[in-house]
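**Q** Shown below is the structure under consideration.
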Amino acid sequence: MPVEAVRDETIGVPDGEQARQTMTTTTTRTPLLAMRQICKRFNAVEALVDVDFEVYAHEVVALVGDNGAGKSTLAKVISGVLQPDSGLIEMEGETVAIPSPSAAHDLGVATVFQDLALCDNLDVTANLFLGREMTGRALLADAQMEDAAKKILRDLSSRIPSVRTQLRDLSAGQRQSVAIARTLIGSPRIVVLDEPTASLSVAQTAEVLTHIQGLRDLGLGVVLISHNMNDVRAVSDRIEVLRHGRNNGSFDASSASYEAILAAITGATHQGYRSVPRFA
Amino acid sequence: MNAIPALKDVFTRGQRQSDPDTPRAPEQGGEPRVVGAVDALRDVFTRNLRQSGIYIAFVAIIGLFAWLTDGLLLSPDNVTNVFLQYGYILILAIGMVIVIIAGHIDLSVGSVVALTGAVSATFVIKQGHPSWLGVLVALGVGLLVGAWQGFWVAFVGIPAFIVTLAGMLLFRGMTLRVLHNISLSPFPTDYHNIAGGFINGVLGGNGYDVFTLVVAAVGIAGYAYSQLRNRRGRIRYQQSVEAFPLFVLRLVLVAVVVMALAWQLAHSRGLPVVLIILGILIMTYSVITTKTVFGRHVYAIGGNLSAAQLSGVKVKKVNFWIFVNMGFLAAVAGVVFSSRSNGSQPAAGQMFELDAIAACFIGGASTTGGVGRVTGAMVGGLIMGVMSNGMQLMGIDQSVQQMIKGLVLLLAVAFDIYNKRRAGAAR
Ligand SMILES: Nc1ncnc2c1ncn2[C@@H]1O[C@H](COP(=O)(O)OP(=O)(O)O)[C@@H](O)[C@H]1O
Ligand SMILES: [Mg+2]
């Protein structure tokens, strides 16, 4: 059964026009990424229990939930940092294994981790290309990398003064845009951002959200993890709620009410979500 | 909404238009074009001092000891001696600075110098094999030692401090075993010439070796060219550079020091072979650290280990090769040292690790990893060398020498940390 049917049922107030539109854009395609019945436990802690999650191209999916809901754990499974105990991961319909961060990169998954994975002692270019440096005649192709870095930063209309600036000299917002720009190296299909706006000022947050829209406009599937509802509603197309490591609702961002999402996050409502088989 | 970035943008654009060769005001310093004398002076004492501080300190120390020893320090024979005496420390410091940049330490290099020298001496002196075979076997032992320590650090995950502390004991013990507790000497002439030899008279010269001078001139020209290119690149990317007169002053200073040194060497016995080995190693490892993927990853691991891991850097592999490389360079130092001392002693190389580590930190390496340069470590090593040599010439007691060297190390690191704090506060 298509996902939208679930949505309509859970939200209860389907916006006819919107629903039709999403129908035609998503149901006709296989998802870029489909995670099915993912389980992950850390000793006694059940971080993820039978979680289903899908990402389509040209879409920003927000993953929301309270602290400890399992959002970062899911992001780490997608990016190959953690291995699920059970469950299936499919990319464009094919079952895949993501045993390491570089395997994820090879599959076209790029991630901005919650604790920024950047090196303060390297410059912007070196950070963008870390782990996937361009070389020519056994040496680093610095000029080539700098040109590519400038182009990517321009595409993101980012305000980095120079691609040779050391990361330690950048503001928090600028560092975040470097982290986001990093995801564009090697033309990924899916970008996962874990709490990209935490610790940013209002202006910097607006900039990051613009970047995220830019990623979608480039045709990527974007997973935005956040517990700031304003950010989520500003840029996302779909909102998936996790609670205690389980799916607890799926919402259309443009039509769902703030209260309904909040209720799903806090557990005031159990959407009857699990009773509907999501995948035919 | 975007007030802060917009302001920043205005500011950076202002900077872009300003003449890149005029000194810029410190970051928050209002109008970037007009730089007051006070600002310029402060600029010299903050950024420029941090960039060139170590070179200035080096020249100052040379000047001080030249004065204290009535010029004896800079006499042709003594200049030659400094290189012969400290060449192997500099070789060790090249490997050590890479280890330190990656956030490790190696306490075993002194013992490895002794072990490789002992193995080589056993082969050449005791068993009568040709010198080149002794050298090859020593280098092989160095690589094995490096692979051993690299294995424990990289793949088992034991801190390098512990692994190399164990190595310090282990390889010292092996040295005693290999030598049966007695010294071996002397080496045949060709072995002795590795570190004790000179290249003299290749291009002739009347009492001074032209070849030495030519090599120095070529070296200076190459250095000036690469510095100029570097500076052009930085300007093109709107990065801070030192004021042009200061830049020229620095080049001239380096040129004068190198040329004076070459002049003295040319007057003495010519170009020491050690210096040639050292020159090749410095150039090779400068390229490895700044221009290769391996070097980039070494800095990344030292700067942020988990970021490097998440970015797909093969951390274990890089760590392993860092120690293999250190083992190799310790073996080179072992060959040079045994050649210079014309034999092998059970107690050889004691405290070398500390001199090499001190050279790196005086040369600007960070105690927390991620920061350091091969050239910095070389200057740091030479500062230690010139100080030791100068104090020896003055007949200062060994105990006082040690105390002074200890204090210099402490002050150098304190100065570095002080600068970093201030830079952090200014941001
Ligand atoms: N490496 C780990 N070891 C043990 N427990 C962990 C680990 N990572 C996460 N957890 C636990 O798993 C749960 C989900 O964490 P996380 O995915 O980080 O939540 P979120 O990102 O939604 O705040 C939490 O209870 C957390 O304590
Ligand atoms: Mg989290």
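Cβ atoms are placed via backbone N, Cα and C, with glycine included.
All annotation found in TrEMBL is predicted automatically rather than curated by experts.
Since we're looking at a predicted model, the values are computed, not measured.
From TrEMBL, here are the annotated features:
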| type | residues | note |
| --- | --- | --- |
| TRANSMEM | B:52-68 | transmembrane segment |
| TRANSMEM | B:83-102 | transmembrane segment |
| TRANSMEM | B:107-125 | transmembrane segment |
| TRANSMEM | B:131-148 | transmembrane segment |
| TRANSMEM | B:153-171 | transmembrane segment |
| TRANSMEM | B:208-226 | transmembrane segment |
| TRANSMEM | B:247-265 | transmembrane segment |
| TRANSMEM | B:271-288 | transmembrane segment |
| TRANSMEM | B:318-337 | transmembrane segment |
**Q** Within this structure, do the transmembrane segment (B:271-288) and the transmembrane segment (B:153-171) have 3 or more Cβ pairs under 8 angstroms, counting pairs 6 or more apart in sequence?
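**A** No, the transmembrane segment (B:153-171) does not contact the transmembrane segment (B:271-288).
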**Q** With the transmembrane segment (B:52-68) as the reference, find which of B:107-125, B:131-148, B:208-226, B:247-265, B:318-337 contributes the most Cβ pairs under 8 Å.
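**A** Stretch with the highest Cβ contact count: B:247-265.
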**Q** Same-chain Cβ contacts of the transmembrane segment (B:271-288) under 8 Å, 6 or more residues past its ends?
**A** 80, 83-84, 87, 90-91, 94, 98, 193-200, 209, 211-212, 215, 219, 265, 294-295, 329, 332, 336, 340, 373-375, 378
**Q** Under a Cβ pair cut-off of under 8 Å, which of the recorded stretches B:131-148, B:247-265, B:318-337 contacts the transmembrane segment (B:83-102) most often?
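**A** By the under-8 Å Cβ criterion, the transmembrane segment (B:83-102) pairs most with B:318-337.
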